[in-house]
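The structure under discussion appears below in the form of structure tokens.
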Amino acid sequence: MTRIETVRLRAVLDSRGNKTVEADVLTESGGFGRAAAPSGASTGEYEAIELPVNEAIAAAREHAVPRLEGRVYAGDQREVDDTLRAADGTEDFSEIGANSAVAISMAAAKAAADVLGAPLYQHLGGAFRGGNFPIPLGNVVGGGEHAQEATAIQEFLSAPVGAPSVKDAVFANAQVHGEIGSLLEERGTPAAKGDEGAWAPSISDAEAFELVEEAVETVSDDVGFEIKFGLDMAAAETFEDGEYVYGDEVRSTEEQIDYVAGLVDEYDLAYVEDPLDEDAYEAFAELTERVGSQTLICGDDLFVTNVERLEAGIDVDAANSILIKPNQIGTLSDAFDAIELATRNGYETVVSHRSGETEDATIAHLAVATDAPFIKTGTVGGERTAKLNELIRIADEAL
Ligand code: PGA
Ligand code: ZN
């Protein structure tokens with residue numbers, strides 16, 4: 001029923017106005033799936049390779065599409081993804097591009113779900129899911145690689161940990177974003193928005209902490225449930241010659257660990273992503289030992305959704321959670337393997353968007369299908385609300 005008849009690839013626009021790969025998968029029985037690859041700006045060194053879009057499309061048409069059409073079943077996700085790997089022939093998708101691979105992988109899953117008449121999350125494992133929905137972590141203030149002349153820390157994330165439902169959480173994050181906009185206006189601080197829709201004011205990190213703390217407290221009082229906040233420090237981007245350079249602040253590894261541990265205590269942070277360099281397993285482990293019982297220490301550039309890198313982290317207790325970005329590794333099967341390994345070892349999973357996004361909402365289904373406790377997919381902006389609104393719809397349908 002789900003044998004793939006046609007795979008079409010095209011270039012479309014992402015939210016930054018860059019080209020990205022979109023795939024259509026059609027099955028012989030008339031099933032249809034469409035998906036597009038996202039794209040990072042603060043990419044990890046160990047991610048699968050995103051090729052220039054035209055190159056990725058040409059290479060996938062030459063090597064992967066003929067192996068899929070008429071031969072592989074969209075309903076067999078492992079076979080689809082193994083075929084993509086075999087067609088590519090490298091460890092990091094540098095031949096056909098992880099951008100082509102992930103678009104085809106996700107489009108095949110959607111085509112299979114279409115044939116089965118099931119929502120995507122159901123096809124991806126929804127029958128065995130628990131009753132929980134992921135808590136959205138919402139980027140409300142940020143800078144780093146995502147905005148010029150803004151905070152050195154890449155993301156300040158609203159974390160509505162006490163929200164009674166997914167929609168309450170989504171709306172709370174939007175309210176925190178709005179509250180910060182009002183506070184900035186009151187202070188006369190102009191603020192554009194960064195790539196993910198977060199406010200990108202020209203303020204210090206210290207000022208941003210005060211601002212976000214005030215906003216989450218105000219909104220928390222208003223909505224009547226607990227809202228904490230967290231950070232993506234994207235430390236690999238700031239690590240130069242053995243030191244962490246955040247604006248005017250320069251810290252050694254030990255100083256960075258002390259600084260982050262201090263922030264966790266002072267602001268009761270719910271979440272800290274990439275507080276240290278992408279090769280700093282031991283330093284991660286030291287920080288996790290100190291504050292891992294109070295907060296999530298999450299590896300993004302550290303693990304790049306890669307089971308081997310996650311295994312190395314598990315061996316030394318480097319963290320207690322992992323960011324899951326399908327395009328970092330290239331296929332849905334690989335992302336599932338990382339989620340499974342993480343879950344088996346007590347790591348929390350955070351399914352995530354990229355700074356360059358499209359209207360594609362696959363990650364909302366992935367998060368629900370795998371019982372991920374968190375999803376990181378922004379707060380406002382069409383390419384972000386595409387996922388958030390999909391989560392609300394899934395919760396509405398599934399209950
Ligand atoms: P990126 O940023 O998509 O630009 O890599 C997101 C993140 O670091 O989590
Ligand atoms: Zn990150």
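Glycine residues also receive a Cβ, built from the backbone N, Cα and C atoms like all the rest.
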Among ASP222, ASP232, ASP334, ASP337, which residue does TrEMBL name as a further Mg(2+) binder in the site formed by GLU273, ASP300?
ASP232
Look at the (2R)-2-phosphoglycerate binding annotation in TrEMBL, where LYS325, ARG354, SER355, LYS376 are given, and name the residue from GLN154, GLN175, GLN256, GLN294 listed for that site too.
GLN154
Would you mind splitting the domain 'Enolase N-terminal' (4-124) into helix, strand and coil residue counts from DSSP?
50 helix, 26 strand, 45 coil
Fewest neighbouring Cβ atoms within 10 Å: which of the binding-site residues GLN154, SER355?
SER355
For GLU196 (active site, proton donor), the one of GLU273, ARG354, SER355, LYS376 that lies nearest, given that the binding-site residues are compared by Cα:
SER355
Looking at the recorded positions HIS146, GLN154, GLU196, GLU273, SER352, LYS376, which have a C-beta within less than 6 Å of some atom in ligand 2?
GLU273
